[in-house]
Amino acid sequence: MKQTTAEITAESEDQSGRGAVCKKHPRFQRIHYQTKGDIAVDAVATIIGVSFALLCLIPFLFVIGTSFSSEASLTEYGIHIIPHSFSLAAYQMLFEGKQIFMSYGVTIFITVVGTLLSLTLSAMMAYPLSTGRLKLGNTINFLVYFTMLFGAGLVPSYLLISKYLHMDNTIWVLIIPGVISPWNMFLLRNFFSSIPRSLSESAEMDGASEMTILFKIILPVAKPALATIGLFYALGYWNAWFGALLYISDPNLYPLQFLIMKIMKNVEAIQEAARQGVAISTANLPDITAKMATAVVTIGPVVVFYPFVQKYFTSGLMVGSVKG
């Protein structure tokens with residue numbers, strides 16, 4: 001039987017030790033042969049990866065196990081992944097009353113609304129600066145960059161926000177002052193600059209406006225960058241507490257991180273009073289377990305949410321590597 005060209009090529013490459021030629025037909029799919037060196041490299045890489053994953057995971061397991069332990073068992077047996085004496089005292093202290101649920105609501109609101117608002121405004125600022133056609137674009141870039149190097153200071157910022165803008169004791173004071181991060185804006189600008197100009201030029205020839213180009217063409221292409229920057233913004237809003245310390249006195253507007261800080265301060269104050277001779281029983285008062293429980297309460301939602309944006313975050317890690 002006469003052999004085809006593909007079969008002859010497959011046989012010749014197979015004889016040379018490089019495997020079969022990869023063709024559309026299943027008969028000619030390439031077979032990859034690993035040498036002992038390749039297997040050794042893969043084994044070492046796997047061991048390193050698993051070891052690094054365990055180094056990241058084991059401390060978190062210790063935190064979870066400690067949060068469900070009693071203070072007495074920690075004193076007697078030390079910290080273990082599996083509690084010697086199971087106890088919910090730390091979580092009962094944190095979730096006592098309705099305050100923490102209100103703080104959860106405040107934090108979720110400022111995280112969702114703040115992230116969406118920050119992404120929108122950052123993109124609307126980054127896009128015109130990335131085109132190179134904006135008048136005074138270089139001046140605006142310099143002024144934005146200048147704010148990364150020098151700040152007005154705490155007192156002028158406080159006077160501006162509380163005395164002139166009258167934003168103190170409002171939920172917007174936790175969002176507006178840091179709504180745009182210069183660093184994140186520059187990352188988006190660099191990513192927008194890497195998008196082929198032909199895409200927007202074709203839309204312009206069809207009569208599309210700049211806003212249409214931004215929201216219909218540029219932003220869909222920039223999903224990895226937006227997901228990465230959005231994660232940075234979301235983590236910033238989720239962990240924010242200093243703004244509440246300065247501008248919020250209404251307990252109904254306490255974000256989660258600030259409330260937990262106040263709870264831990266109260267525990268420390270009670271323990272300090274007991275050490276100074278005040279007749280206060282601290283035998284059943286959570287200390288280490290309460291600190292671990294606060295870590296679980298604050299980190300837990302982030303751990304649950306992260307897998308949904310991981311693929312975008314991984315592909316957008318190099319968002320700032322393109323020269324703008």
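Positions of Cβ are set from backbone N, Cα and C atoms, glycine also.
Marked as transmembrane segment by TrEMBL: 43-65 (among others).
Look at TrEMBL and you will find 101-127 (among others) tagged as transmembrane segment.
For 104-309, the entry in TrEMBL reads domain 'ABC transmembrane type-1'.
According to TrEMBL, the feature transmembrane segment maps to 139-159 (among others). Outside the transmembrane segment (139-159) by six or more residues, the chain places 129, 177, 182-183, 185-186, 246-247 with a CB less than 8 A from a CB of the stretch.
Non-local neighbours of the transmembrane segment (171-192) in the same chain are 106, 109-110, 113-114, 117-118, 121-123, 125-127, 129-130, 144-145, 147-148, 157, 161, 218, 222, 225-226, 228-229, 232-233, 236-237, 240, 243-244, 247-248, 253, 255, 319-320, 322-324; each lies 6+ residues outside the stretch with a CB under 8 Å from one of its CB atoms. The transmembrane segment feature in TrEMBL is assigned to 171-192 (among others).
If you look up TrEMBL, you'll see 213-235 (among others) marked as transmembrane segment.
Sequence-distant contacts of the transmembrane segment (101-127) (same chain, six or more residues past either end, CB-CB distance under 8 Å): 95, 171, 174-175, 179-181, 184-186, 188-189, 192, 210, 214, 218-219, 222, 226, 229-230, 233-234, 237-238, 240, 251-259.
Same-chain residues lying 6 or more positions outside the transmembrane segment (43-65) and placing a CB less than 8 Å from one of its CB atoms are 79-83, 292, 295-296, 299.
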